[in-house]
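Single-structure report; data block below.
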């Protein structure tokens with residue numbers, strides 16, 4: 001028996017449901033993907049101006065997963081471009097949240113794939129494979145914990161321990 005994916009709940013509605021304890025990200029990300037609402041189980045990666053590890057992660061099948069990428073808020077180089085976003089989409093990921101920059105934003109904006117980032121930069125990142133996977137990353141006053149759940153839309157980002165039912 002296949003379990004269906006949890007229903008998307010708008011982040012503003014989640015705050016109303018959860019109340020004052022809602023884990024809302026303070027960082028103001030831009031919606032740059034074609035899917036402006038996305039959600040899923042969190043996978044994390046910390047990488048500074050190097051995207052080889054995150055490319056490897058997005059090459060893995062993860063239906064409905066969301067990769068949270070902590071690039072230490074650097075917009076000096078892009079961590080995600082159209083090829084890497086396409087890999088994620090093709091492997092079932094619902095989207096990425098990039099604490100850094102992306103490139104190829106016009107193409108990514110046409111994909112049915114969620115992408116929130118601080119901004120854009122056409123400069124490529126290095127590809128040495130440095131970084132850490134499945135570690136707690138703290139962005140915008142909240143912790144993104146691997147295995148927890150994230151909801152993202154045009155109002156912001158909410159993290160919960162598990163999917164919320166309406």
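Glycine is treated like the rest: Cβ placed from N, Cα and C.
Summarising the annotation, Swiss-Prot assigns substrate binding site to 81, 82, 83, 84, 103. A helical conformation is recorded for residue 83 (substrate binding site) in the three-state DSSP classification. Taking a C-beta cut-off of under 8 Å and a sequence gap of six or more, residue 83 (substrate binding site) has these contacts in its own chain: 104.
When secondary structure is read from DSSP and collapsed to three states, residue 104 (divalent metal cation binding site) falls in the coil class. Annotation source Swiss-Prot lists divalent metal cation binding site at 104, citing similarity to another entry.
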Key: Cβ-centroid neighbours of substrate site 81, 82, 83, 84, 103, 8 Å, sequence order   = 78, 80, 85, 86, 102, 104, 107, 108
Around the Cβ of residue 84 (substrate binding site), the count of other Cβ atoms that are within 10 Å = 23
Inquiry  = Using Cβ atoms only, which residues of the same chain lie under 8 Å from residue 82 (substrate binding site) while being at least 6 residues apart in sequence?
reply    = 103, 104, 107, 108, 111
Query = If you draw a 10 Å sphere on the Cβ of residue 103 (substrate binding site), how many other Cβ atoms land inside?
reply = 22
